[in-house]
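Engineer: Pasting a structure below so you can have a look.
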Amino acid sequence: MTESPIRVGVLGARGRMGATVVQAVEGAEDLRLVAALDAGEDLAGLGDAQVVVDFTHPDAVMGNLRHLIGHGVHAVVGTTGFTEERLAELRGLLAAKPELGVLIAPNFALGAVLAMRFATQAARFYASAEVVELHHNRKADAPSGTAAHTARMIGAARAEAGLAPGPDATTSEVDGARGAEVDGVRVHSVRLPGLVAHEEIMFGGEGETLTIRHDSIDRSSFMPGVLLGVRTVVSRPGLTVGLENVLDL
Ligand SMILES: NC(=O)C1=CN([C@@H]2O[C@H](COP(=O)(O)OP(=O)(O)OC[C@H]3O[C@@H](n4cnc5c(N)ncnc54)[C@H](O)[C@@H]3O)[C@@H](O)[C@H]2O)C=CC1
Ligand SMILES: O=C(O)C1=N[C@H](C(=O)O)C[C@H](O)C1
């Protein structure tokens, strides 16, 4: 007996990512697109979607998730802007819906997930680490969700290894020249037309540096991860943050 396709809705369907997800879902035999909504459209239009993919805006995503969880719909979320407070609220909402899954991934590209994992492995061996992320100039948030997630993973690995802050002789600085600090790791954001999504994770130690770089040169790079998320989330209850958990890295 063949299984019926998973019914999928997309929020942010007219955006750069949402439109790409709509195409990817339409091209997958085991998935069926049942709704494609954008800003200003009633969430009732999601109909009988089992899983909703959200690529909207950091200001919109929590409202969408409250609605989805309230209506018993699984969610795969690429939208950025998640803080510990937001994650705690979602865990609270999901506690009342033990069968429901929400997967939030700051980055759905396989290479980006691997780069973060490699960086976490390298972190304890180097005195200093800094992250540079480079994106198209229509991006709303800085630093990128990926860079913030990377910095948090490196920060946790450094703390576990008992590393002191990296040596830095800077005594005078133009505001922002040394980037933003996320969990003790400096993060620098570049915005340029022509770019898609890029990240360099740089480590410095005694007489050497290590650079781990990932480039998404097309938004199709995110689609295998998004589709994997849709297929996985229906049988993965609770809140999962990071595609690395689905890939068992
Ligand atoms: N996790 C990942 O792998 C990736 C995450 N992103 C993130 O996804 C988000 C969207 O990125 P883009 O597609 O480049 O932005 P975009 O601006 O091209 O698209 C966002 C779309 O969402 C719509 N929207 C806004 N509020 C909405 C609401 N309440 N309900 C339904 N639709 C709404 C907008 O009208 C727009 O069409 C950003 O947070 C970005 O950082 C982007 C690429 C990959
Ligand atoms: O806005 C984007 O484009 C991207 N957003 C995500 C992020 O903020 O990390 C993922 C990827 O970098 C593309």
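Residue numbering: from 1, along the chain as shown.
Just so it is clear, glycine is given a Cβ too, placed from its N, Cα and C backbone atoms.
The active site, proton donor/acceptor annotation in TrEMBL covers His135. If you look up TrEMBL, you'll see Lys139 marked as active site, proton donor. Residues or ranges marked as NAD(+) binding site by TrEMBL: Gly12, Ala13, Arg14, Gly15, Arg16, Met17, Asp38, Gly78, Thr79, Thr80, Ala105, Pro106, Asn107, Phe108. The (S)-2,3,4,5-tetrahydrodipicolinate binding site annotation in TrEMBL covers His136, Gly145, Thr146. The annotation domain 'Dihydrodipicolinate reductase N-terminal' is assigned in TrEMBL to 6-108. Residues or ranges marked as domain 'Dihydrodipicolinate reductase C-terminal' in TrEMBL: 111-247.
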Engineer: Do you see any of the binding-site residues Arg16, Thr79, Ala105 whose C-alpha is within 10 Å of Gly145 ((S)-2,3,4,5-tetrahydrodipicolinate binding site), and which ones?
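Structural biologist: Of Arg16, Thr79, Ala105, within range: Thr79, Ala105.
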Engineer: Can you figure out which of Gly12, Thr79, Ala105, His135 (the recorded positions) comes closest in space to Thr146 ((S)-2,3,4,5-tetrahydrodipicolinate binding site), comparing Cα atoms?
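Structural biologist: Its closest listed neighbour, by Cα, is Ala105.
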Engineer: Should Thr146 ((S)-2,3,4,5-tetrahydrodipicolinate binding site) be counted as helix, strand, or coil on the basis of DSSP?
Structural biologist: helix
Engineer: Nearest of the binding-site residues to Lys139 (active site, proton donor) by CA-CA distance, picking from Gly12, Arg14, Arg16, Asp38, Asn107?
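Structural biologist: Out of the listed candidates, the nearest Cα belongs to Arg16.
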Engineer: Please report the distance from the Cα of Ala105 (NAD(+) binding site) to the Cα of His136 ((S)-2,3,4,5-tetrahydrodipicolinate binding site), rounded to the nearest angstrom.
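Structural biologist: Checking the Cα atoms of Ala105 (NAD(+) binding site) and His136 ((S)-2,3,4,5-tetrahydrodipicolinate binding site) gives a distance of 19 Å.
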Engineer: Where the record says Gly12, Ala13, Arg14, Gly15, Arg16, Met17, Asp38, Gly78, Thr79, Thr80, Ala105, Pro106, Asn107, Phe108 bind NAD(+), what is the longest distance in Å from one Cα to another among those residues?
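Structural biologist: Those residues reach a largest Cα separation of 21 Å.
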Engineer: How many of the residues that make up the domain 'Dihydrodipicolinate reductase N-terminal' (6-108) does DSSP mark as helix, as strand and as coil?
Structural biologist: 37 helix, 25 strand, 41 coil
Engineer: For the C-alpha pair, I'd like the distance in angstrom between Asp38 (NAD(+) binding site) and His136 ((S)-2,3,4,5-tetrahydrodipicolinate binding site), rounded off.
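Structural biologist: If we compare the Cα positions of Asp38 (NAD(+) binding site) and His136 ((S)-2,3,4,5-tetrahydrodipicolinate binding site), the gap is 21 Å.
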Engineer: Among the recorded positions Gly12, Arg16, Asp38, Thr79, Ala105, Lys139, which have a Cβ atom lying under 6 Å from any atom of ligand 2?
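Structural biologist: Lys139, by Cβ distance under 6 Å.
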